[in-house]
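Inspection log for the structure reproduced underneath, given as structure tokens.
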Amino acid sequence: MFCYQCEQTAKGLGCDKIGVCGKQPDVSDLQDLLVYALTGLAQAAVAAKAEGVAVPLETGRYFAKAMFSTLTNVNFDAADFVPLINEAVAKRKALAALIKAQLPEGPASYVPALDLAGLIAQGHIHGLKDIPETNDDIRSLKHTLIFGIKGIAAYADHAAILGQEDPAVYEFLYEGMAATFTTDKDLGAWVALVLKCGEVNLRAMELLDAANTGAYGHPVPTVVPLGHKAGKAILVSGHDLKDLKQLLEQTAGKGINIYTHGEMLPAHGYPELKKYPHFHGHYGTAWQNQHKEFAAFPGAILMTTNCIQKPAESYLGSIFTTGLVGWPGAVHVKNGEFGPVIEKALAMPGFAADEDKGTVMTGFARNAVMSVAGTVIDAVKAGKIRHFFLVAGCDGAKPGRNYYTEFVEKAPADTIVLTLACGKFRFFDKQLGDIGGIPRLLDMGQCNDAYSAIQVAVALAGAFNCGVNDLPLSMVLSWYEQKAVAILLTLLHLGVKNIRLGPSLPAFLTPNVLNFLVANYDIKPISTPDEDLKAILG
């Protein structure tokens, strides 16, 4: 195996024995093989488009799901990748039968082995290092593109589940993956393709924003309890709002309280979700703390989308996966039929007594923020608000992430902190007060709600008649996995400069690629909170 797609990759270089995330070598090889098979499907789709042959939308949906399944902390069950690999080949063959062009040797001629051991052996020779390329910088950009495409695939899949999709997004997934096996592009062409990845991710996030707000309403500022009520309980982690909605419907009147964990916290702001009286509050913090937090939870646990870690024996019997999530030995529930989860919750003790642990606020997505835009603009003009910080991104276990806690704590009282994604859990419960009734800490949502932050920035730039880079706004970002890569590429596509990124820089970027980002976008690693605040504010 070789994998270096996440921020915590071993020694900052790459995992080659077992994933820091817990991914076993066989699963890593199967994921690589799936990506290889998908590249062959992508080559067929690109050839079909060139001949005017329509690629079914269903193929795009499958492609997004399959790529998403290889994202960090999604699926650790080797058996789940076998049908995905075979389906990629079947769909490729179906397209190939409709076109005149002879597809190239390689991914488009791949024949899967007949058993699991054979597939693992094939995956061994079709990994990241086996993609044809002799130029280290172009290889770096190819890998960056693959990881960005995984991020797009995650958002496209979520949006499609709620009925929002754009064939152009799927077409880019094909275009990008097919390109990774070409050798005729120079460095400039690869930079352009990577930036196009950011452009398409913006569209994918727009679709997901439309999907979530169309189904559940625009988020509104909402107070969320951090404590619990006495009684039976189910904890929902991940990102999938549809799964949560179905669970809320199926548990209504059953005496079970529903709690969010991790990136599900912003769900409390959606009107069509918060209306359920048994949707009580938020439990725990970010994904990397689940071993301790899940072990102490006295009810059933449902994992939607990514962020699962190896379950401890103490709760393996009470954790359930759904959608693309998989862990060997954990019960997987399909098609929103959460009866087994509910039965388990009813059989478990639940919380013995009420406990008040304070509250936090969420729901400050673009509609909520723009509804008070006039007040915000007036406060800036009056000197009451000096600066905005977007302190956002992924959380993780690697040392150095306390930087973000300290940065927010030390941000001056005349500044506003916008946040989103699970990086917020480094400071989400800090009491920062307000400026003229505007809370100084505004939780804008999940990682995909970077779309909200971008829309707010663009609107503020319009109000002040300046560019986004001229706003009193600084982005201090943390990253962990591939959705964060896609979001970073979106910001670069938009020309956003002076981004601070941490806790460490991606291992897949060569020094020359990093130098390009510094020279053209002034992207920089975080240093210390004091030094960075001084550099930003003077």
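Glycine is no exception: its Cβ is also placed from the backbone N, Cα and C atoms.
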Given Swiss-Prot lists His239, Glu263, Cys394, Cys422, Cys447, Glu481, Lys483 for hybrid [4Fe-2O-2S] cluster, the same-site residue among Cys197, Cys307, Cys466: Cys307
Residues close to [4Fe-4S] cluster site centre defined by Cys3, Cys6, Cys15, Cys21, Cβ within 8 Å: Tyr4, Gln5, Gln8, Thr9, Ala10, Gly14, Gly19, Val20, Lys23, Ser28, Thr72
Chain-mates of His239, Glu263, Cys307, Cys394, Cys422, Cys447, Glu481, Lys483 with C-beta within 8 Å of site centroid, hybrid [4Fe-2O-2S] cluster: Gly262, Trp287, Asn306, Ala421, Gln446, Tyr480, Ala484
Sparsest Cβ surroundings (other CB atoms within 10 Å) among the binding-site residues Cys6, Cys15, Cys422, Cys447: Cys15
Those binding-site residues, out of His239, Glu263, Cys307, Cys447, Glu481, that come within 10 angstroms of Cys6 ([4Fe-4S] cluster binding site) at the Cα: Glu481
Cβ atoms near Cys3 ([4Fe-4S] cluster binding site) (within 10 Å, other residues, all chains): 25
Three-state secondary structure, which DSSP defines for Cys422 (hybrid [4Fe-2O-2S] cluster binding site): helix
